[in-house]
């Protein structure tokens, strides 16, 4: 939150390379468990920096017509990166996997050194000439950027100071921040993080037909394909349509998983959830079934549908909308706050998932996630504006004036 406004978006992203490279080096050369924990903490800190800064930077440099597609690329690359490292993990020892993590860090830093700062950030710092050059570089030498530059300049001049507590109570400031915060909160409550974290144990506990590692690889590939669909269709279909479709698919998938766990077969032998847990996910009161029945494909298909639904809408669009609707005055701080809320929610859900499963059964979390998806549908219809094809200044003007004309 601090670095986003202090150093700017670009330099904050580049600064994240320092803890990231140091963290991977610690893990690669770890001689004790504390080094692994410290390295993981540093890479987590770097991940927090990039999660708060990259969406804002992308939205501020992208033209309105392709901002949806470009806004989905951070999520697309995150999915591609995790899938690539999963594949490398099958081939490399974990120490060399940590060494491989240094590669993207160096490439990112090198490529960013050729990129300009965000014109909006430069204008907010009084560097008008540099901002004009940056905008001209981003739009191309043959593009007349004077009109766009004047629009950005007027908006920045109206917000030349940081948000005061008195301004924070104004609806045009707090409404977009509250919408962004609730979107990140509801995004995590759909269950994406605990489902991905406990993917293999869930499959083991639901007698899936295929080996759990193969299932996890299939789900990762589906996730990548779905984010790609979102990136290609976001500027055509619009944000709200994809959010509606996404929440509907996730609701159906979570409900199916809950009903399958509650009514369907169980694995023939108990399996531990993780190394630290001796109890299986859920109970074993129901009749056991050998994992040769095609009925055991239901959890795999339902999980693939859930991942597809999430990756088509509530995954990438929440990141994009966060960076689109937040007011410029508070964009750096508010984007960091959104990421903080999102990951605190993910942490709490992941830590409580096993407690709920062991106390009430594996079906209860899935029914809860399904109920949240219904809430997401209502929230999208009532509170989320359509931002397709609009400049950041137009979006901000909507929250300032309350006029909905451009949103239809």
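Using the three backbone atoms N, Cα and C, a Cβ is placed for every residue, glycine included.
Going by TrEMBL, these are the annotated features:
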DOMAIN    1-388  domain 'Major facilitator superfamily (MFS) profile'
TRANSMEM  12-36  transmembrane segment
TRANSMEM  42-58  transmembrane segment
TRANSMEM  70-88  transmembrane segment
TRANSMEM  177-196  transmembrane segment
TRANSMEM  216-234  transmembrane segment
TRANSMEM  241-263  transmembrane segment
TRANSMEM  297-321  transmembrane segment
TRANSMEM  333-360  transmembrane segment
TRANSMEM  366-384  transmembrane segment
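Here the transmembrane segment (297-321) has long-range neighbours at 55, 59, 67-68, 71-72, 74-76, 79, 179-180, 183-184, 186-187, 190-192, 195, 199, 202-203, 206, 208-210, 215, 218-219, 222-227, 229-231, 234, 239, 242-250, 252-254, 256-257, 260, 264, 376, 384, 387, meaning same-chain residues at least 6 beyond its ends whose C-beta is under 8 angstroms from one of its own. When the stretches 12-36, 216-234, 366-384 are ranked by Cβ pairs under 8 Å to the transmembrane segment (177-196), first place goes to 366-384. Using a Cβ-Cβ cut-off under 8 Å and counting only residues 6 or more beyond its ends in the same chain, the transmembrane segment (70-88) has close neighbours at 54-55, 58-59, 62, 97, 100-101, 104, 216-217, 220-221, 223-224, 227-228, 230-231, 234, 311, 315-317, 319-320, 323-324.
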